[in-house]
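Presented below is the structure to which this report refers.
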Amino acid sequence: AGTMAMATVNLHAVTSWVGIARLFAVVLSCIAFSLVASTGDFKGSYGTWCMFTWCFCFAVTLLVLVLELLELYPKLPLSWDDFTSAFSMLAALMVFTTSVVFPSIFISSPCSSSKCARQAAATTVSFLCFFAYALEVGLTRAKPGDISSFLSTVPGLLKVFEAYVACLIFSLLDTYSSKGGLQWCVAVYSICFIVTLIIIIITIGRCITYIPCPLEKMLVGYNTLALMMYITATVLWPLYSFQGGNRPDTCGRNCWWDKNLGVTFLTIFNLIAYLVDLVYSTRMVFIRAP
C-alpha cells in the first residue's frame, strides 16, 4: 500500500526571534500598503515604487515563512541561508528608502485631513517594518569566527548594500552623455554593479565551487579595483556635473541639480562601503579566527 507523504510543520520557524521579526515584517508591510491603498493617492513613479516595495517585501517574507514552517526550503536549488540573509538586507534598505521617500512626496503640511492621517500612519508603520527587517539582519548576521553562509557575513551584507546603492544611482542619472568624465562615472557604477550582482547570484545559486580561485581572495582583488574606480568617480562626478554653477532658482522637484547632488552623496556612500568591504575581506584572507 502506498503511503501519503505528510508535510512537516516546524513551529520554530515562527516562534524563534527571527521568525517573530518576520511575522512583524509581514503584518507591518501589509498594514502600510493597505493604508496607502485606502487613500488612493500613490500615483507616479515614487508612489508606484513605494507600493511595490511594501507588496514585494510582504509577499517574499510570507513565502519565506511558509517554506520554513513546512520545511520545504531544502528542496530548492539555492543556498537558503544566503538567500534569506540577502533578502532581509535588501528589504531593510528598500523599506527604509520608502519610509523616507513616501512622506517627503505625498504628505503635505499642514496635515489635518483623514487622508493625511492615514499617510502619516503608513509612514510610521513603514519605519517599524524597517526596524523589523533590521532586527532580522542583526539576528542572522554571522558572528566573527562563525562558519556560516557568505551573505550573512559583513562583506556579504555589504555586497547587497553596494548593489542597492548602485540601483539608486541609476534611478537619479539624467544627462551625462555630453561629458567624458560623467560617462566614465556611469561606467564605474555599471561595472561594479554587474560584478557585485554576479557575486550575489553565484553565492545564492551555490556556484562558488565553479570559481577557479578562492572566493575570499577574489573579493580582495575585486574590492581593491572597485575602491579605486569609485575614488575616481567620487572626484569626477561633482567636478563635471556641477560645472553649471549653483542650483538654479527655477528648479522644481525633479531638478537636475538635486539629482546630481544625490548621485554625489550615493557615490560617497558606496566608496565607504567598498572601503569597509575591502578591510573585512582582507581580514578574512590574512587574519584567521582561532
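Each residue, glycine too, has its Cβ placed from N, Cα and C.
For reference, TrEMBL has these:
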type: DOMAIN; residues: 13-145; note: domain 'MARVEL'
type: DOMAIN; residues: 150-286; note: domain 'MARVEL'
type: TRANSMEM; residues: 14-37; note: transmembrane segment
type: TRANSMEM; residues: 49-67; note: transmembrane segment
type: TRANSMEM; residues: 87-108; note: transmembrane segment
type: TRANSMEM; residues: 120-139; note: transmembrane segment
type: TRANSMEM; residues: 181-208; note: transmembrane segment
type: TRANSMEM; residues: 220-240; note: transmembrane segment
type: TRANSMEM; residues: 260-280; note: transmembrane segment
### Task
Quick one: average pLDDT across the domain 'MARVEL' (13-145), no decimals.
90
### Query
List, by number or range, the same-chain residues at least 6 past the transmembrane segment (181-208) whose CB is under 8 A from its CB atoms?
77-79, 82-83, 86, 149-151, 156, 159-160, 162-163, 166-167, 169-170, 173, 215, 219, 222, 226, 229-230, 232-233, 236-237, 239-241, 267, 270, 274
### Task
Determine how many residues of the domain 'MARVEL' (150-286) DSSP places in helix, in strand and in coil.
108 helix, 0 strand, 29 coil
### Task
Run through the domain 'MARVEL' (13-145) and tell me, per DSSP, how many residues are helix, strand and coil.
109 helix, 0 strand, 24 coil
### Remote residues contacting the transmembrane segment (120-139) - C-beta distance under 8 A, at least 6 residues beyond either end
17-18, 21-22, 24-25, 28-29, 31-33, 35-36, 54, 57, 85, 88-89, 91-92, 95-96, 98-99, 102-103, 107, 111, 157
### Query
Counting only residues 6+ away from its ends, which parts of the chain sit with a Cβ under 8 Å from the transmembrane segment (14-37)?
47, 50-51, 54-55, 57-58, 61-62, 64-65, 68-69, 91, 95, 102, 118-119, 121-122, 125-126, 128-129, 132-133, 135-136, 139-140
